[in-house]
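Asker: Below is a structure I'd like to ask you about.
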Amino acid sequence: MAVSASPVISATSSGAGVPGGLFRAEPLYSTPREPPRLTPNMINSFVVNNHSNSAGGGGRGNTNTNECRMVDMHGMKVASFLMDGQELICLPQVFDLFLKHLVGGLHTVYTKLKRLDISPVVCTVEQVRILRGLGAIQPGVNRCKLITRKDFETLFTDCTNARRKRQMTRKQAVNSSRPGRPPKRSLGVLQENARLLTHAVPGLLSPGLITPTGITAAAMAEAMKLQKMKLMAMNTLQGNGSQNGTESEPDDLNSNTGGSESSWDKDKMQSPFAAPGPQHGIAHAALAGQPGIGGAPTLNPLQQNHLLTNRLDLPFMMMPHPLLPVSLPPASVAMAMNQMNHLNTIANMAAAAQIHSPLSRAGTSVIKERIPESPSPAPSLEENHRPGSQTSSHTSSSVSSSPSQMDHHLERMEEVPVQIPIMKSPLDKIQLTPGQALPAGFPGPFIFADSLSSVETLLTNIQGLLKVALDNARIQEKQIQQEKKELRLELYREREIRENLERQLAVELQSRTTMQKRLKKEKKTKRKLQEALEFESKRREQVEQALKQATTSDSGLRMLKDTGIPDIEIENNGTPHDSAAMQGGNYYCLEMAQQLYSA
């Protein structure tokens, strides 16, 4: 990588000379591939300002380590510093430019650096300021690391190899499968199948099954199962009759996502119409027997069944069915699709067996006589009774390839009275619409002796299944309405219970307030009684003291009486009465106190 001659950008410890236009609110690297937007005017202004600052400051910093150069790396301009003779580049800048789309984040890069034994250099404050001014790092970042070119190339190679390994592992997990089991389908594969299925096979799903947002998961799963069951049924029927001994794998359908062309070619090579032998002659004879139909190709039901096998448009699903609304539940749709798959597989097996049966080739005995050496397998088949169709039993044995055994077999077939279906003219067949045409594998329409009974039966069964699904949907809707009514009644009951509880709570709160008021009154009366009791106790003490004094005065009177002083007796005549009155008042107070305590 050639280093381009770029201007040297230096800085000092003061950042006053940096223009304000270099600091941006938005990050410069919005995408991994976007280079830093450095115009020549910005670089020149930055250089002039920094040279003026360095001339005025007198070399206050180490200019050797703070000289920033814009070097060319993988076609991008990257900021670099020259330290100890090594060129170091900004690690966050090269991460945004080259590594962001390869790894999960910058922490993954640091983990890889530890594993690779690479030690990045931590930037100084001046270097961080320079890188921030150039826009190499975010405006709010105050830390940065530098890495050499050699270490970056090692890191870039490791990240690229790791991503390639992840992609190869993911592809192997999608494409590989164990015998007898389909490959694991990831979410992305299912979404890709859903996207391609609507374009590659337009008539495979009814428009009623496709919601406004896309194909539902149940419908997608049933459609994939339908394709796989068809392919497996045809491989089972054609396994013994194929000449080259090649069998198609059921998993090819899943590995070839949306590839309708390759799967069509493969089915065309293995279809009973392209098998070598008498059937190929039947096809050409049928083609030769139609001189100019007038540009309106026809298809009988057997050919339509074969088209179903080759994953083409379903004749009964090309138009939206009136019994299939969009709002059907997924369970009913899945059940109906499962039954349709089963019935369709049975119809395809019966159609293929009729193609291989000897009675379908009875009208072409001339072709058999012309090529008597070609092998003609004739498996035995017993058809079940179908409504609206003729009941016939076919009995045949294995026919050898020698001419004598062939003639003997033809004689036995002539002896057995079997009603051979009459070949109908092409005008009596079902005609395609003007917008429809045969695929590339069919050069012209085919004629086979078959009736519409199988398709009618299949359509009748499908209609019945759709009716059942619709009835189930209606029943579920009724159940939902009934549940809604029950929930409403229960809600009303809960509301009534809640209102009753609220009333009871209000009554209880009111009674609580009344009880609190009564309690306050009782406390007030109790306080008054205690005060009265204290007052009475004090009076009692006073009365007792007075009684004591009265007793002492009585003893003094007696002494005076003994001495014979009459005046003192006259003065003290009223003292016994007074003491009796005082005792009576004391008893009254005690009775009042007892009454208060009892109350």
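Each Cβ is built from the backbone N, Cα and C atoms, and glycine gets one as well.
Heads up, here are the entries from Swiss-Prot:
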REGION    69-155  region 'DACHbox-N'
REGION    166-186  region 'Disordered'
REGION    237-280  region 'Disordered'
COMPBIAS  237-262  compositional bias 'Polar residues'
REGION    370-409  region 'Disordered'
COMPBIAS  389-405  compositional bias 'Low complexity'
REGION    453-533  region 'DACHbox-C'
COILED    459-554  coiled coil
Asker: DSSP helix, strand and coil counts for the region 'DACHbox-C' (453-533)?
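Answerer: Tallied per class, the region 'DACHbox-C' (453-533) gives 81 helix, 0 strand, 0 coil.
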Asker: What average pLDDT does the predicted model assign to the region 'DACHbox-C' (453-533)?
Answerer: 93
Asker: When secondary structure is assigned with DSSP, how many helix, strand and coil residues does the region 'DACHbox-N' (69-155) contain?
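Answerer: Computed counts for the region 'DACHbox-N' (69-155) are 36 helix, 24 strand, 27 coil.
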